[in-house]
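Structure first, commentary second.
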């Protein structure tokens, strides 16, 4: 086959590297040949610039270092170094696991303490004995192993999963509770049969679901997941023409978990609140969730069986800062509700000592262009709800918290990460990409 078949291609990306070599080549295939023949270091990837016809062979890939946009560049990463599983007994495993099955860190292959190794990079130059990564230089039938940093344990095996077990899971016998937010199964095909794209790669579809920013969402391999409160688990597909699709996972026949005792008061953001308050903080009566009047909406109780969308009670089905509801006032679409907090200890102690509890006031106005605004408004000037900055639905974008770490892109609060004229946000309306927020300048207020 083509030499490039062994590489994963990503357009428009440059990675920051320490060890690299420059070559002049005519095309990507010649550059791949330079990578295969590299002797100064282990070549894990290469960069090819189209205009300069320049080839850079690299000792690292995007998993190991920082990546950033570069229009004229193509990054090719060797697939073998991106694999987190082993084929057969794993003699060709080149992943970055560096801990034994018992959780002991591995000793570096080039070091001689606490154990003097029989297998070293000098003696076995083709065995991939880099750093302290698990390897199988002696074709041990039990798979990759390493010398350990525990003086009492010379070596131990590593818990590397088998690729054969992870290739394609149809998910026979698997089911999901609720909308599958907690689904941890191994289905990796969409409902139309397309193979899912791995969450830790950006090809063929670039996206914002970076693993380190969603550690609790279990974005493993290319398994179907529901990290953003969709109707059911989904994945990006390996088909360049189909960005994402739902997966066909049936609902479990067993009933979903019952809410705990804290569900009658406000704990955290109130996502588990199941009390009967049905009036907003300004006194508007809540609209019933199973009606579409006076406001049309998508939070239909049958679609979201575990969100507690009963009657017209205040709820937080979408991770807002606190429970809310649509109102029966046709000119006010939705508002937050005032729910008593679960932890009254602080108020009780303060009351006994006659010390008033200070509620921090968030400043709901902005100065200058609003780049320093850190309030919690999440509504646009026309009344639309803001989309969370870390979400790619309904709008895909690049204004993500990891790309703008100093802009405080928390939740779906209005912000100004790019120096616009005032704070703004992407909206949850699929037909409106973004709008400025419903905020005034601080000097417009008579009282701050």
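The first residue you see is number 1, and the count goes up from there.
Placed from the backbone N, Cα and C atoms, the Cβ positions cover glycine too.
As recorded in TrEMBL, the features of this protein are as follows:
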{"type": "DOMAIN", "residues": "84-163", "note": "domain 'Kringle'"}
{"type": "DOMAIN", "residues": "174-252", "note": "domain 'Kringle'"}
{"type": "DISULFID", "residues": "175-252", "note": "disulfide bond"}
{"type": "DISULFID", "residues": "196-235", "note": "disulfide bond"}
{"type": "DISULFID", "residues": "224-247", "note": "disulfide bond"}
{"type": "DOMAIN", "residues": "264-342", "note": "domain 'Kringle'"}
{"type": "DISULFID", "residues": "265-342", "note": "disulfide bond"}
{"type": "DISULFID", "residues": "286-325", "note": "disulfide bond"}
{"type": "DISULFID", "residues": "314-337", "note": "disulfide bond"}
{"type": "DOMAIN", "residues": "364-442", "note": "domain 'Kringle'"}
{"type": "DISULFID", "residues": "365-442", "note": "disulfide bond"}
{"type": "DISULFID", "residues": "386-425", "note": "disulfide bond"}
{"type": "DISULFID", "residues": "414-437", "note": "disulfide bond"}
Here the Cα-Cα span from residue 314 (disulfide bond) to residue 325 (disulfide bond), rounded to a whole number of angstrom, reaches 5
Run through the Cβ atoms and count how many others sit within 10 Å of the one on residue 386 (disulfide bond).
23
Using a Cβ cut-off under 8 Å and a sequence separation of 6 or more, which residues in the same chain sit near residue 175 (disulfide bond)?
249, 250, 251, 252, 253
Just to confirm: which same-chain residues, 6+ apart in sequence, have a Cβ under 8 Å from the Cβ of residue 337 (disulfide bond)?
277, 279, 280, 281, 286, 314, 322, 323, 324, 325
What is the nearest of the disulfide-bonded residues 247, 342, 414, 442 to residue 425 (disulfide bond), using the Cα of each?
414
Where residue 196 (disulfide bond) and residue 247 (disulfide bond) are concerned, what is their Cα separation in Å, rounded?
9
Return the single residue from the disulfide-bonded residues list (247, 342) that has the minimum number of other CB atoms within 10 Å.
342
Per DSSP, what is the residue tally for the domain 'Kringle' (264-342) in helix, strand and coil?
1 helix, 13 strand, 65 coil
Which disulfide-bonded residues sit within 10 Å of residue 386 (disulfide bond) - Cα, from 265, 414, 442
414
Report, as a single number, how many Cβ atoms besides its own are within 10 Å of the Cβ of residue 224 (disulfide bond).
27
By CA-CA distance, flag whichever of 265, 365, 414 among the disulfide-bonded residues is nearest to residue 224 (disulfide bond).
414
Quick one: pull the CA-CA distance for residue 414 (disulfide bond) versus residue 365 (disulfide bond), whole Å only.
11
Between residue 247 (disulfide bond) and residue 437 (disulfide bond), find the distance joining the two CA atoms and give it rounded to the nearest Å.
35
Cα nearest residue 235 (disulfide bond) among disulfide-bonded residues (265, 342, 365, 437) -> 437
In DSSP terms, the domain 'Kringle' (84-163) comprises 1 helix, 13 strand, 66 coil
